[in-house]
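Student: I have a structure here, written as structure tokens, and I will follow up with some questions on it.
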Amino acid sequence: MFNTSLPLLRRSPVLIIAAKEIKDSFRNRWISFISLIFIILSFSVTFAGSAITGTLAFPELNNLITSLSTIAVFIIPLAAILLSYDAFVGEDESGTLLLLLSYPLTRSQIILGKLIGHGSVMLLSSSIAFGGTGVLLVLLGEDYGAIETMLVFTQFILSSFLLALTFILIGYLVSLRATEKARAVGSLLFVWFLFVLLYDLLLLAVLVADLSFMNQTVINLLIALNPTDLYRAVNIMAIGAQGGLSLFSETSWALEGLYCSMFVWICVLMVIANHLFRRKPL
């Protein structure tokens, strides 16, 4: 289970677990599946998005990132929770979790190793799809500067990676609490609906309504309470989008502050996951 030919992996239990998760994802075709979904999403928006106007043309870079982030905010969390929902409850059902804990590992190392492994899967998949799209735009488009395009797509991949890490950890929390994989999937789909659809619609309604109690602090708080809205705000502020979705840029935080908020989500969820794992009866 933990045999590897790399000396570094032999010395690092965290990397051993991460390598196992990556190998499992290759074996289960998860990387191929997620990459394919991201490629279809990215290529459809980029190369066929203008078809509804009756013409085929490359979109402006800002409009492209806005469109990609609007769709990716639904797909990335869903892919992340489907990747991580059985991280603990699945191994508990099969008995491999007890075997894993029989090794000289701390529970924090197990969680960190799984997070690195699953995060690497999501990063690789998004880099292949979105990075490949950026490269094709530079090669095929006449109005795309190589440096600007790659910087924009690098920022988009980074924010997508942080969003994926957040929902991977949410998947761990549910997996640690669930007693069956079916319940874990059902609970996570409800969480996905709550964060991605319901909360987002309510926030947009509140922002558009321009209520009297809505000041800058309240807007900042409402955006910070949902990682998907932080993701939207990061990408919209990064490109200076205009129009309806620019409502998210009403936050007074700088781009760095929004990224820090995403990191806070990851750190808090990591602490909670460690706490739940330590208290989990086996």
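The backbone N, Cα and C atoms fix where each Cβ goes, glycine too.
As annotated in TrEMBL:
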{"type": "TRANSMEM", "residues": "30-52", "note": "transmembrane segment"}
{"type": "TRANSMEM", "residues": "64-85", "note": "transmembrane segment"}
{"type": "TRANSMEM", "residues": "122-140", "note": "transmembrane segment"}
{"type": "TRANSMEM", "residues": "152-174", "note": "transmembrane segment"}
{"type": "TRANSMEM", "residues": "186-209", "note": "transmembrane segment"}
{"type": "TRANSMEM", "residues": "254-277", "note": "transmembrane segment"}
Student: List, by number or range, the same-chain residues at least 6 past the transmembrane segment (64-85) whose CB is under 8 A from its CB atoms?
Tutor: 25, 30, 34, 37-38, 41-42, 45-46, 49, 114, 118, 121-122, 125-126, 130, 137, 152, 156, 159-160, 163-172, 174-175, 181, 184-185, 188-189, 191-192, 195-196, 200, 228, 231-232, 235-236, 238-239, 241, 243, 245
Student: Near the transmembrane segment (186-209), which same-chain residues lie under 8 Å Cβ to Cβ, leaving out any that are not at least 6 residues past its ends?
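Tutor: Same-chain contacts beyond the ends: 73-74, 77-78, 81, 85, 167, 170-171, 174, 178, 219, 222-223, 225-229, 232, 247, 250.
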